[in-house]
Amino acid sequence: MIALIIGILTSLIITLVGTPLLIRIVHKLNYGQYIRQDGPKSHQVKRGTPTLGGVVIVLAVVLGWCASALYRFCTTGARPTWAAILALFAMVSMGVLGFIDDFAKVRKKQNEGLTVGGKFFGQVVFATIFAVLALIVPTRSGFPVAQAGMSFIEKPFLSFEFAGRIVAIILFVIWVNFLMAAWTNAVNLSDGLDGLCAGSSMIAFVGYAIIAMWQMYHLKGQAHSGFTYAVSDPLDLGIIACCAAVACLGFLWYNCNPASIFMGDTGSLALGGLFAALSIITHTEFLAMIIGGLFVVETLSDVIQVGYFKATHKRVFKMAPIHHHFELCGWSESKVVVRFWIVELMFVITGLIIFYGNWVGLSGLWHH
């Protein structure tokens with residue numbers, strides 16, 4: 001518990017203190033956000049707002065976990081786990097891609113950064129490294145960091161081992177690449193209104209913190225009753241999820257409307273990468289679609305809009321992603337954001353109810 005508190009406080013302090021420092025640095029460098037011309041006209045006043053705020057979020061999560069890990073090492077001798085290292089690798093690597101994209105935008109003074117091909121190549125490289133290591137690295141718990149299959153909760157409903165180990169690794173790499181691309185882009189799409197991405201991500205990571213901590217207390221070989229999970233080092237994952245949640249909370253202090261700084265692709269891609277990693281390592285890849293339901297809705301609205309327009313030359317929404325649709329319907333930006341937070345909270349509560357119900361069912365407690 002003390003290790004968790006240390007991690008949370010470290011992450012929160014870093015974002016609360018580091019964000020205003022970054023705002024001043026970005027102001028001096030004149031690295032402001034460039035707003036898309038085809039967006040809502042009301043957003044043009046945001047032109048020049050400092051960006052690259054995701055740098056602080058990433059540092060806060062990494063250093064928060066490091067502080068927690070250092071305390072545990074000094075008090076219990078516990079060493080860093082591969083589960084934590086790979087989760088942070090997913091976050092940092094996607095954050096680096098986002099930083100390169102953001103930096104290119106502010107240097108070129110336009111809203112176009114990395115090419116689609118360049119971003120895709122980077123995602124493939126980092127996701128593949130994550131996937132391969134997650135299957136092959138040894139762990140003290142005896143459970144692999146990830147399992148070669150697709151899972152809703154814990155047990156894979158589709159195992160990739162049906163055709164041998166090599167084929168399983170190849171299929172898992174493809175699956176992880178899809179998840180990383182999907183979640184990084186989904187979270188990125190939600191970063192269109194002040195505070196929307198930070199607040200929604202905070203709620204989603206609280207959901208994963210609860211899931212990871214529950215798995216820790218019901219870990220196979222340690223729990224005395226009920227269904228147990230064969231998950232690698234869920235305590236570390238819970239601490240990282242908590243650090244991510246409070247990092248988003250601290251950043252939200254400066255990112256709420258009117259925003260003093262934007263997280264940029266540095267933040268949104270990093271948060272998406274971490275969310276994907278947590279879903280993979282906790283064996284909840286499909287449950288994640290409910291836990292991160294708001295991001296799924298944002299993505300679907302964009303896909304539907306583009307697909308329908310190409311087919312009929314008409315639009316389903318006034319503008320996509322869907323948060324812009326409600327803006328153009330007359331909702332204030334703050335109203336859209338708060339209501340979307342509420343929607344995300346309902347998704348997380350629903351996901352946790354399903355997660356707990358699954359545990360109760362597998363534990364055979366429905367019959368008592």
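Glycine is treated like the rest: Cβ placed from N, Cα and C.
According to Swiss-Prot, the feature transmembrane segment maps to 2-22, 51-71, 80-100, 116-136, 166-186, 193-213, 234-254, 256-276, 277-297, 340-360.
Touching of the transmembrane segment (166-186) and the transmembrane segment (193-213) is ruled out by the presence of fewer than three CB pairs under 8 A, sequence neighbours closer than 6 excluded. Counted over residue pairs separated by six or more positions, the transmembrane segment (340-360) shares at least 3 Cβ pairs under 8 angstroms with the transmembrane segment (193-213), which defines the two as touching. By number of Cβ pairs under 8 Å, the transmembrane segment (51-71) is matched best by 80-100 from the list 80-100, 116-136, 277-297.
Here the transmembrane segment (277-297) does not touch the transmembrane segment (2-22). Their Cβ atoms form fewer than 3 pairs under 8 Å, with each pair 6 or more residues apart.
Through the fold, the transmembrane segment (2-22) approaches residues 50, 52-53, 55-57, 59-61, 63-65, 67-69, 71-72, 238-239, 242-244, 246-247, 249-251, 253-254, 260-261 of its own chain, all at least 6 residues removed from its boundaries and within a Cβ separation under 8 Å. For the transmembrane segment (80-100), the partner stretch with the most Cβ pairs below 8 Å, chosen from 116-136, 193-213, 234-254, 256-276, is 256-276.
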